[in-house]
Amino acid sequence: MSLVLLSALSTLNYRNLAPGTLEFPEGVTGIYGENGAGKTNLLEAAYLALTGQTDVSRLEQLVQLGEKEAYVRADLQQGGSLSIQEVGLGRGRRQMKVDGIRSRTGDLPRGSAVWIRPEDSELVFGSPSGRRTYLDSLLSRLSARYGQQLSRYERTVSQRNAALRAGENWAMHVWDEALVKLGTDIMLFRRRALSRLDELAREANTALGSRKSLVLTLSESTAPETYAADLAGRRAEELARGSTVTGPHRDDLLLTLGDFPASDFASRGEGRTVALALRRAELELLAEKFGEKPVLLVDDFTAELDPNRRQYLLDLAASVPQAIVTGTEHAPGAALTLRASAGRFTQIEPQEVQA
Ligand SMILES: Nc1ncnc2c1ncn2[C@@H]1O[C@H](COP(=O)(O)OP(=O)(O)OP(=O)(O)O)[C@@H](O)[C@H]1O
């Protein structure tokens, strides 16, 4: 894949953003403005247009209050040619087009964006499902096959759960066979990817000035060698509960800082550093896979009270071909500075930024 640059972003009826198009240069675009101005909304729209993905479960939340549909469009410069990605949003529905042709998320460039935001601390302090989502979303971008196997696995788990609830003990061997095959693929892929992810996250954690070492490990609910036996051994429990309790959908990505699990023992600041290290590792893995660094979206670098992490974020933004960095203050050294106010973005001349 060649370098992907976001040359323009257009939105219509997207949250509080005024309709219009913003053009972005190479290098860093800094966006500053007061709380509630629409800075996060803009990055969210950019991430959606670049990747087709959002972590908002109710899509209507993205549509401006009082409107029925919203639209975002990314004009991408890729290896000298222009490509246009459009996402239309309605009640519970998302439609995507690439260069005018109906498409699915899998058709979009998979390594095109990484989004770093203050809420990333939840990766450390939140539930295992958030960490699984981080891992699965990253691995699905690294390998389309992983994404396909994961959707098949998730479908199989929900069908098997329905059979368990219906007490269909006689059908279980069929479901188990399918589950073990798909689940084993997922476990093996996760194991392979984790060693490099662990190395990259460790390096980033050290570069962030952390004195404690970071180690990433998988906590697996079963192993490929024992999967079938583990399922059989918990059959009675699963029938009683009506749900599948063994398999990679129950795994966790353990983050050990120093000698202890970061989720239970890290301070808020240490947790934030670990979360940043995970995002940095994501960026590096995507760059290794696709040969180019993704567009980096940094939400609220000013939320970092620690000067070390602030500087790290600014340096990271300056090191990639294109970054958009928001904050309540302007980002120093930006190629373009925009001021956000009530969902509108106006360009600020360099001399005004200095002032
Ligand atoms: N669907 C929607 N329709 C209209 N407005 C919305 C919608 N969803 C969110 N908003 C509003 O968008 C505003 C801007 O939110 P956003 O999170 O982008 O601000 P921000 O500039 O990032 O602020 P902060 O600096 O506090 O993070 C909020 O006031 C919010 O109420």
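Each residue, glycine too, has its Cβ placed from N, Cα and C.
Just so you know, TrEMBL annotations never went through curation; they're auto-generated.
On a predicted model such as this, the values are computed, not experimentally measured, just so you know.
According to TrEMBL, the feature domain 'RecF/RecN/SMC N-terminal' maps to 6-326. Over the domain 'RecF/RecN/SMC N-terminal' (6-326), the average per-residue pLDDT in this prediction is 94.
The ATP binding site annotation in TrEMBL covers GLY33, GLU34, ASN35, GLY36, ALA37, GLY38, LYS39, THR40. Using a 10 Å Cβ-Cβ cutoff, GLY36 (ATP binding site) registers 13 neighbours.
Neighbour count (other Cβ atoms within 10 Å of the Cβ, all protein chains): 24 for LYS39 (ATP binding site).
Residues GLY33, GLU34, ASN35, GLY36, ALA37, GLY38, LYS39, THR40 make up the record's ATP site, and a Cβ search at 8 Å around their centroid adds THR326, THR328, ALA340, SER341 from the same chain.
On its own chain, THR40 (ATP binding site) has ARG117, ASP299, ASP300, THR326 as residues at least 6 apart in sequence with a Cβ closer than 8 Å to its own Cβ. In the structure as shown, the Cβ atom of GLY33 (ATP binding site) sits within 10 Å of 23 other Cβ atoms.
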